[in-house]
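Engineer: Swiss-Prot feature annotations, pasted as is:
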SIGNAL    1-22  signal peptide
DOMAIN    31-254  domain 'Peptidase S1'
DISULFID  Cys56-Cys72  disulfide bond
ACT_SITE  His71  active site, charge relay system
ACT_SITE  Asp116  active site, charge relay system
DISULFID  Cys180-Cys197  disulfide bond
SITE      Asp204  site 'Required for specificity'
DISULFID  Cys206-Cys230  disulfide bond
ACT_SITE  Ser210  active site, charge relay system
Amino acid sequence: MLKIVILLSAVVCALGGTVPEGLLPQLDGRIVGGSATTISSFPWQISLQRSGSHSCGGSVYSANIIVTAAHCLQSVSASSLQVRAGSTYWSSGGVVAKVAAFRNHEGYNANTMVNDIAVIRLSSSLSFSSSIKAIALATYNPANGAAAAVSGWGTQSSGSNSIPSQLQYVNVNIVSQSKCASSAYGYGSEIRNTMICAAASGKDACQGDSGGPLVSGGVLVGVVSWGYGCAYSNYPGVYADVAVLRSWVISTANSI
């Protein structure tokens, strides 16, 4: 039976959720089939850390605002969180900033994974450089099949305990919400209007990549959210749809 993998990354396979009745999904999230890269190629990428250990990814929206996934911030206090920015390695280099506050989307549902997006406010502002840059939010979705990239420090095989020290990325192609929900793939009605998908043969995000960026055309189009396994041929990776959720991110960033 397929496991529903919610791309969280903090752990190997903690249970958490979405649909088929009686099937509890795993918290998961990794770059499968990817390549090592450096932060200068993905300067908006951050490592969200719980008690000093990599937990999820995220994206720099402004000097003190990070965008990540709501499922990354369940049952956790801001005081236990920090962000490492500007480093190719999650465990060293760059700068570390404490988390002052965060807000999950009020409509987030752990059973359906709708509205899986959150905003973090840092206790101190990041200084922008070649290795730390903000990324703009998509205003519309790229066309089905458009080139995209996803990055992170998640595990490199499904169910693995270990994560790479160096940032990884993989090139994928956008699968539109309507296409992802169609009979061409296996999700059906589980794909909702706050989701967008991406896929490539043998490539995907997985444990540890949750909350991280899906980028196409130089803008943030998705936030790593969930999927059935990692890199399963009939099940693309599923992401929070940034274009659809953009107004919430902007208003929350201005008020948190």
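Cβ from N, Cα, C; glycine included.
Keep in mind it's a predicted model, so treat the numbers as computed, not measured.
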Engineer: Give the sequence-ordered list of residues that share a chain with Cys197 (disulfide bond), lie 6 or more positions from it, and have CB atoms under 8 Å from its CB.
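Structural biologist: For Cys197 (disulfide bond), the qualifying residues are Ile174, Val175, Ser176, Gln177, Lys179, Cys180, Tyr185, Ile191, Pro236, Gly237, Val238, Tyr239.
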Engineer: Return one of helix, strand or coil for Cys56 (disulfide bond), based on DSSP.
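Structural biologist: Its secondary structure by DSSP: strand.
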Engineer: Near the Cβ of His71 (active site, charge relay system), how many other Cβ atoms are there if near means within 10 Å?
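Structural biologist: Looking across every protein chain shown, the total is 27.
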Engineer: Pop the Cα-Cα gap between Cys56 (disulfide bond) and His71 (active site, charge relay system) into the table, whole Å please.
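Structural biologist: Between the Cα atoms of His71 (active site, charge relay system) and Cys56 (disulfide bond), the distance comes to 10 Å.
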Engineer: Measure from the CA atom of Cys72 (disulfide bond) to the CA atom of Ser210 (active site, charge relay system) and give the result in Å, rounded to a whole number.
Structural biologist: 7
Engineer: Near the Cβ of Cys230 (disulfide bond), how many other Cβ atoms are there if near means within 10 Å?
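Structural biologist: Other Cβ atoms found within 10 Å: 29.
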Engineer: Do any of Cys56, Cys72, Cys230 (disulfide-bonded residues) have a CA within 10 A of Asp116 (active site, charge relay system), and if so which?
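Structural biologist: Neighbours among disulfide-bonded residues, in sequence order: Cys72.
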Engineer: Any idea what the Cα distance is from Cys72 (disulfide bond) over to Cys230 (disulfide bond), rounded to a whole Å?
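Structural biologist: One finds 18 Å between the Cα atoms of these residues.
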Engineer: Work through the recorded positions one by one (Cys180, Ser210) and point out the residue whose CB has the fewest other CB atoms within 10 angstroms.
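Structural biologist: Cys180, out of the recorded positions Cys180, Ser210, has the fewest neighbouring Cβ atoms within 10 Å.
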